[in-house]
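Notes follow once the structure below has been shown.
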Amino acid sequence: MSSSATGPTDLGGQTPLQQHQHQQPLQHEGYNIADQMEVRAASQSNGQGEHGDDDDDNDEQRLPCRLPRSLTLRLYTSHFLSTWNSRVFEFGAVLFLANIFPSTLLYMSVYALVRSASAILFAQSIGSWIDRGNRLTVVRVSIIGQRLAVAVSCAVLWLMERKAGSHTYSVMQGQFALVVLLACVEKLCSVMNLVSIERDWVVVMTEGNEVVRQDLNARMRRIDLLCKLLGPLVISSIAAASTIIAIWATLGMNIVSVLFEYVFIAQVYNRTPALKRTPPALMSEDQRPNTDGHNTHAVQTWLKSMKANLLPLGSLPFYFHQPAFLPSFSLSLLYLTVLSFSGQMITYLISIGYTNLQVGLARTVSTMFELSATWIAPRMMKRVGLVRGGIWSLSWQMIWLAGAVSWLFSDFHGAGTNSIMAGSGLVVGVGLSRVGLWGYDLCAQAIVQNEVDANHRGTFSTVEAAFQNLFEMFSYVTTIVFSDPKQFQWPVVISVVAVYMAGGEVTYFMCHAVAVKSRKTAEMEVTPSIIKYLSTMHQR
């Protein structure tokens, strides 16, 4: 049967976006993705790149259409609840431990380092499951795993808080070890949920429409940043009244939200046929179950598999050879920073005379700048493209951090780097630089979504997350080595150097993309001339 442009179309297996486009006229939003030729030229080595400037006109005609509102509302609600609970517990656990062990920073440092290390250790296993497993099962396991880990953690922390001083040293150490173990489970499930939704589901749901994808990315990041601001504020306000009440509040929010998360994400999955993954017909030799009765061989195979998947070492060659490696690694490098209004910078500000209220106000203003990036970045990407948008964002960040460091070292009135004047310059520069940080985050995320194959998004993104956690651990090392607040300028310098290294990597990526594009353009111009010449010679 011949197909017709006006005939009925089978929408099975299509994304809601594609189905929605069959049902209503497309709405123009100024769609223009300049610079996609550079990205594609850098990523495609088989000659199937962009087709030149003529495609810009075609892009402008491919007008975007939004996803159904009922679908995005469920996605946003599930993502908000997951992110909110993760942020509340992440910040609340530190407050609870600080109250239980008030005379030392050792326990909080061990807690944070081991939690980050777990995300590095199991990155490959998580990525492989995201790539191969049932998408709904993966996300549901991440939701249930997070909630159970937080619930048990709250119970143990409540017990430690109630019995602080009455337990023996060994009992307290055992309870702390259990809290750390549960924090690792919560971290792994959080990474699993974040990578699955932001790097896989969003791409599938917006397949074929980059503008809608960028808008969805920005809204998801906006939710992340709002939770980052409001979550710690809410739980710290409750903890100021009572740590016990704060622990119960954390537990209550987790229990109440789990049902909504579980149901809403299932509804998104069921309304998006493209998310349903067909199981592979054949398993590889390593995955095929052993049926020959040789139990020793089976045990050896299992041990080798565990060893191979324990660290992301097996995925590193794949990660390094991906076209999106440099933008992704540059984003990870930005996590090597103490300039983020987190514990390290807050400790420095308090040491030079800032009050808790002033720190809170500075952190709030900084988060408002970060939120502004979620409106600025999508418009910038539409106007100048993903790669140029990333370079512009990093340039903005580098300029303001350079100004902040210059102010910090300017030594006004001979006060050195530990005066309120020097610290205030650092606060202003860091706050303004966050616009560039999150602008680049959105650009890099879009590049990864476009360039990484659908079957390897989980593996790639979890290796990226492993590097992010590794560099975050390095940032803790800098303040361990330079632990005196009077030495804080040196971790600051290291952080700024990391940003400039990231900027250099993205600039190289841009230059390489332009060079590849120019070479392919020249080949396209020369080839017809050669064919014509050979044809003429053949006729002679």
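Cβ from N, Cα, C; glycine included.
All TrEMBL annotations are machine predictions without curation.
Annotation source TrEMBL lists compositional bias 'Low complexity' at 11-28.
According to TrEMBL, the region 'Disordered' annotation covers 1-63.
Positions annotated as transmembrane segment by TrEMBL: 91-114 (among others).
Annotation comment: TrEMBL describes 138-160 (among others) as transmembrane segment.
For 172-195 (among others), the entry in TrEMBL reads transmembrane segment.
TrEMBL lists 229-251 (among others) with the feature transmembrane segment.
The transmembrane segment annotation in TrEMBL covers 333-354 (among others). Sequence-distant contacts of the transmembrane segment (333-354), counting only residues of its own chain at least 6 positions beyond either end whose CB sits under 8 Å from a CB of the stretch, comprise 94, 108, 362-363, 366, 401, 404, 418-420, 422-423, 426-427, 430, 433, 437, 440, 467-469, 471-472, 474-476, 478-479, 485, 488, 491-492, 494-496, 498-499, 501-502, 505.
According to TrEMBL, the feature transmembrane segment maps to 389-409 (among others). Within the same chain, residues 35, 327, 330, 339, 373, 377, 380-381, 417, 422-423, 425-426, 428-430, 432-437, 439-440, 443-444, 447, 489, 492-493, 495-496, 499-500, 502-503, 506-507, 510 sit at least 6 positions outside the transmembrane segment (389-409) and bring their C-beta atoms closer than 8 Å to a C-beta of that stretch.
Outside the transmembrane segment (488-511), and at least 6 residues removed from its termini, the chain residues within Cβ reach (under 8 Å) are 38, 42, 326-327, 329-331, 333-334, 336-339, 344, 348, 387-388, 390-391, 394-395, 397-398, 401-402, 405, 408-409, 417-418, 426, 440, 471, 475, 478-479, 482. Among the features that TrEMBL reports, transmembrane segment is placed at 488-511 (among others).
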Comparing 91-114, 138-160, 172-195 for Cβ pairs under 8 Å with the transmembrane segment (229-251), the winner is 91-114
Within the same chain, the residues 6 or more beyond the ends of the transmembrane segment (91-114) and with Cβ under 8 Å of it are 153, 157, 160-161, 164, 176, 179-180, 183-184, 231-232, 235-236, 239, 243, 246-247, 250, 343, 473, 476, 480
Same-chain residues at least 6 beyond the ends of the transmembrane segment (138-160) with a Cβ under 8 Å from one of its Cβ atoms are 82, 85-86, 89, 93, 96-97, 100, 129-130, 167, 172, 175-176, 178-179, 182-183, 185-186, 188-190, 192-193, 196-197, 201, 244, 247-248, 250-251, 254-255, 257-258, 261-262, 265-266, 269
Same-chain residues at least 6 beyond the ends of the transmembrane segment (172-195) with a Cβ under 8 Å from one of its Cβ atoms are 82, 86, 89, 93, 97, 107, 110-111, 114-116, 118-119, 122-123, 126-127, 129-130, 138-139, 141-143, 145-146, 148-150, 152-153, 156-157, 159-160, 457-458, 461-462, 465
